[in-house]
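Participant: Below: one structure in structure tokens.
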Amino acid sequence: MRVAMIGTGYVGLVSGACFADFGHVVTCIDKDAAKIDALNNGEIPIYEPGLQQLVAKNVDEERLFFTTDPAEAIRAADAVFIAVGTPTRRGDGHADLTYVYAASEEIAGLLEGFTVVVTKSTVPVGTGDEVEAIIRRTNPAADFAVVSNPEFLREGAAINDFKRPDRVVVGTDSDEAVKVMRELYRPLYLNETPIIVTKRRTSELIKYAANAFLAAKITFINEIADLCEAVGANVQEVSRGIGLDNRIGSKFLHAGPGYGGSCFPKDTLALSRIGTDAGVELKIVNSVIEVNAARKKNMADKVIEFMGGDVSGKTIAMLGLAFKPNTDDMRDAPSIDIVSKLQASGAHIRAFDPASMGEAAHIMENVLFCDGPYHAIENSEALVIVTEWDQFRALDLDRVISSLRVPNVIDLRNIYDPGDMTARGFRYTSVGRSY
Ligand code: UDX
């Protein structure tokens, strides 16, 4: 099959490289000439484990191409994927669909033969209808079907998520389009991955419902963590105790500083707005948004309280800034709220993150970005663990305790054992673990 992928952001690039690896011929298209040049030189603009090798292999084997010119690839394509950004629109929280609609218009004039136009970007319910209307209006003679095929890729694990998904969702009324989609995902189909074929609007909603449910699951366990601290219980044991019930499931029950990233904050907000527009108040989703936003700020209070209620003039080391490990993504990272509130309370921040300090430097002011974890800890009055990178799980604790001026450790990801840390002489606290 021939695929044209519009947008070489995170989703477009990962999906394009993976489809090429499935054996299809994929052309990734982007308006940003510098980005396309870089990609043609083998440089990958995002940090995603395994992506560089996957791109290089498929470029070498002449199945993966990058260009700024959509014409040829779209004419030849069996499927054109729209994988452009849908950021939160300023002011109202709706998803901004400008790029999706602009891409639809551009595609319309170039279609030749039956072509499936696929929305991969996370788009509000009804966007597929609008994409169809735009193409029909721009090119009444076009032979096409618009399909919703949401992605469920986690940053840092995106290639695996693409190649070994729990399910593939295909939303369309067109049997011909379903055939093309099945062919595209054939390697998965052979692996017996369920392919859910549904109406387009249902498919669009599945993506938002999945993300909102996961965000709710995290927010729920975070709330239970607060209760655990208050009543002398341990949230990790509660998670295990409830997660082994198959109806609940053990994933996404790690208590922490609140969710961040490019999807959950944006998609929960957009879902809430979709509800409002449809006259349905989504109370649970709204609470999740509110509770999570408050939690990120509360984490700074937790640090301040643990340090005796006043951090003015004190130096605090932060390990981890990205919203989660194995990414340089800082979008809506809890570290942003934590740093700004600690700074507002007079603290000096020294920080280290293996991948995101470049990004963080654009967002945070007056932070001393350090060369490594031990450099950050030096002479600090507390160590705050914000992101659970593997390298922070294996710190030389003797070195940590001798480098810290005061042996306070606030572990917001529960990566160390409270009993062990106390026995080593640390003043230690974590999330939702009274013991
Ligand atoms: C998410 C979805 O998992 C993915 O399916 C969707 O396509 C995009 O959004 P991503 O944002 O990359 O992926 O990261 P994910 O691993 O899901 O983590 C999101 C946030 O939740 C992170 O801030 C993470 O630290 C937090 N989290 C996750 C928890 O606090 N506890 C958990 O148990 C799991």
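Start at 1 and count along the chain as shown; that gives each residue its number.
Any Cβ shown, glycine's included, is placed from N, Cα and C.
What TrEMBL records for this protein is below:
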type: ACT_SITE; residues: Cys263; note: active site, nucleophile
type: BINDING; residues: Asp30, Lys35, Thr86, Thr122, Glu155, Lys266, Arg331; note: NAD(+) binding site
type: BINDING; residues: Phe152, Leu153, Arg154, Glu155, Lys207, Phe252, Leu253, His254, Ala255, Gly256, Gly260, Lys324; note: substrate binding site
type: DOMAIN; residues: 317-418; note: domain 'UDP-glucose/GDP-mannose dehydrogenase C-terminal'
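Have a look at these and tell me how they're positioned relative to everything else.
Facilitator: With a cut-off of 8 Å between CB atoms and residues at least 6 apart in sequence, the same chain places Thr122, Asn211 near Cys263 (active site, nucleophile), listed in sequence order. Cys263 (active site, nucleophile) carries neither a helix nor a strand DSSP state and counts as coil.
In the three-state DSSP classification, Glu155 (NAD(+) binding site) falls within coil.
The 10 Å shell around the Cβ of Gly260 (substrate binding site) contains 24 further Cβ atoms across the protein chains shown.
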Participant: Roughly how wide, in whole Å, is the group Phe152, Leu153, Arg154, Glu155, Lys207, Phe252, Leu253, His254, Ala255, Gly256, Gly260, Lys324 that binds substrate, by largest Cα to Cα distance?
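Facilitator: Pairwise Cα check on Phe152, Leu153, Arg154, Glu155, Lys207, Phe252, Leu253, His254, Ala255, Gly256, Gly260, Lys324 gives a maximum of 24 Å.
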Participant: Count the Cβ atoms, other than its own, that fall within 10 Å of the Cβ of Phe152 (substrate binding site), considering every protein chain shown.
Facilitator: 18
Participant: Quick one: of Leu253, Ala255, which of the binding-site residues has the smallest count of other CB atoms within 10 A?
Facilitator: Leu253
Participant: Measuring Cα to Cα, tell me the gap between Glu155 (NAD(+) binding site) and Gly260 (substrate binding site) in whole angstrom.
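Facilitator: Just about 12 Å between their Cα atoms.
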